[in-house]
Amino acid sequence: MARITPVSQYRNIGISAHIDAGKTTTTERILFYTGINHKIGEVHDGAATMDWMEQEQERGITITSAATTTFWSGMSKQFLPHRINIIDTPGHVDFTIEVERSMRVLDGAVMIYCAVGGVQPQSETVWRQVNKYNVPRIAFINKMDRMGANFFNVVKQMNERLGIDPVPIQIPINSEENFSGVIDLIRMKAIYWDDLDKGITFKYDNIPSDLTVLSDRWRQKLIESAVENDDFLMDKYLTGKKLSEYEIKNSLRQRVLNNEIVLITCGSAFKNKGVQALLDAIVEYLPSPMDVASYNVKKISQKSNSKKSCSSNMDLSNDQEAFVALAFKIATDPFVGNLTFFRVYSGKVSSGDVIYNSVKKKKERFGRIVQMHANKREEIKEVRAGDIAAAIGLKSVTTGDTLCDPNNVVVLEKMDFPDPVISIAVEPKTKIDQEKMSVALNRLAKEDPSFKVHTDRESNQTIISGMGELHLEIIVDRMRREFGVGANIGQPQVSYRETIQSSVKNVEGKYIKQSGGRGQYGHVVIDLFPLKPLNQSGYIFINDIKGGIIPGEYISAIDKGIQEQLLYGPLAGYSVVDIGVRLHFGSYHDVDSSEIAFKLAASLAFKSAFKKANPVLLEPIMKVEVETPEEYMGDVIGDLNRRRGMIEGMIDLSIGKSIRAQVPLSCMFGYATDVRSQTQGRASYSMEFLKYSEAPVHVASSIIQNRDKN
């Protein structure tokens, strides 16, 4: 089957924002104006197409990323039909994994900001994730009709808080209840959308006389940005010659693709104004897969069992290249089972083809391929370079796996996922629930790499861990609704970590057992040292054995014995991070030595060394931002101080003050209720994981004592 839409007319984009910035409402308008939906679904009615989960409809928030495909030919039908693959991502920090894995496979992003709230904490988190993958982006300042809306203040915040060069290509015509349209700074025309047909029709008009000076000033900034990195256009500009619309747009596009600037549009999605112009900007300024081929993909060849890195040279515009794709999400569908979402980077694949999972080193056969529209499926026969689709029936694939042609084995750059910071115990109510719970938790863990399940070795309880209270609340709710599991839920527990502050040398571990017959003998000597800076994931094992004093076949058993101890630290049973181990001496017995003996000897050496190396407990520190009316500022700050918070600063807002602080997670349980009480329900807050830091001595002692009692 021949390609219908050229790759140059593809736009793979993500839509991201802080919670309540109007992200899903904007996506719903996109689906309406592009003809996918014939009726607008509203978030507040629980009818948004992209928020299809029951929990999303009940809470009015996005929980899981949803994908869809649509086509756009321009407000004035000025383009050839462009295929836009959209992933709508969550705004709540507890579901940041959805943003992370979406940005890994997207070519461009639309960042949405509230014209009242401006650049909020999750906006900054998402910005860092987009930066991580070098994704070009444009911005849409939404809710221009809201009381307190201030377009220019948000542009200023983007410069100050995100450290970027924002370049408006539109400015609003008035704001709040008087917001009526936008001024196109390239055409220098006003655009008004018709309220009667929900903004489907529009007209260009002259710029209102009271806005001509302001428009000229922002137009000047736009032109200066367009010519900044183009010598030809700069000469033309300096000699007073007029730049064409094509020259301006082409230069701005190149700067967007190079991540030098962020173009700003504006409107009110709820009032059906500005989203159509945003779609035009997506087509005109964001990249096609061809534009990002040179830096978005890291290719690793595998030959003779050795990995060899090479520069990215896949031709993303050529369907005849070997098939390469990345699985970026696993979802459980009640009707078809596992759905594997994947992005095709080169070549093509058809249903029934055999592909190779180069991470798992397994061949699998593609069953059915479907195009997703939120939770609806449209079966298709094949997908090609640039496509985003889902496969039914792949059994061994997990998030981050590379899928490729068995005759052209490559591995794409892996995806990194955050470690959980909060845990709760779950206990099935009945024997039947116990069997179902195991299946449910395993499936949910396969879907979400930031969700972990383990059994506490002391209490034998099932412990689930995630990114926050809401994250775990949703997991438990899904377990109940989708899998019919009844469970009792424990109190939230903080995921502490253990590490060391000092180095110790020549610590011996010896395991000898003689009880008739063949004995056991393992003997190791290790050095233990801390890794800096604290990154909560580091472990290094250095094998410095010389002359075969410990045979090579036992080295991996020694490493494994130490790694098993890292799961349950000697201090309080929490996982151990940021340590290095050097194995440099030991001995063995010709008859009695075995892998198990050396594994046990290594664990004994590690425990002994750890206790001598000035061990400390690390606690998760959260970045907290509270927005409150000014009259409650003192109460809010006082309460944060009582929670061992460290105030970082304050920012003036139209509604009052924004207070930024670092607070231990253990002190933030129940904060939502307390801050509402202190401010008569008028404050709001957001919280996200920032770092691990050494817990104060009295806090660590209390935690260790409580663990010992239990």
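Cβ atoms are placed via backbone N, Cα and C, with glycine included.
Swiss-Prot annotations:
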- 8-290: domain 'tr-type G' (DOMAIN)
- 17-24, 88-92, 142-145: GTP binding site (BINDING)
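Using a 10 Å radius centred on the Cβ of A17 (GTP binding site) and all shown protein chains, the other Cβ atoms total 29. Look at M144 (GTP binding site): DSSP puts it in coil.
Per-site Cβ counts within 10 Å over the binding-site residues D20, T89 peak at T89.
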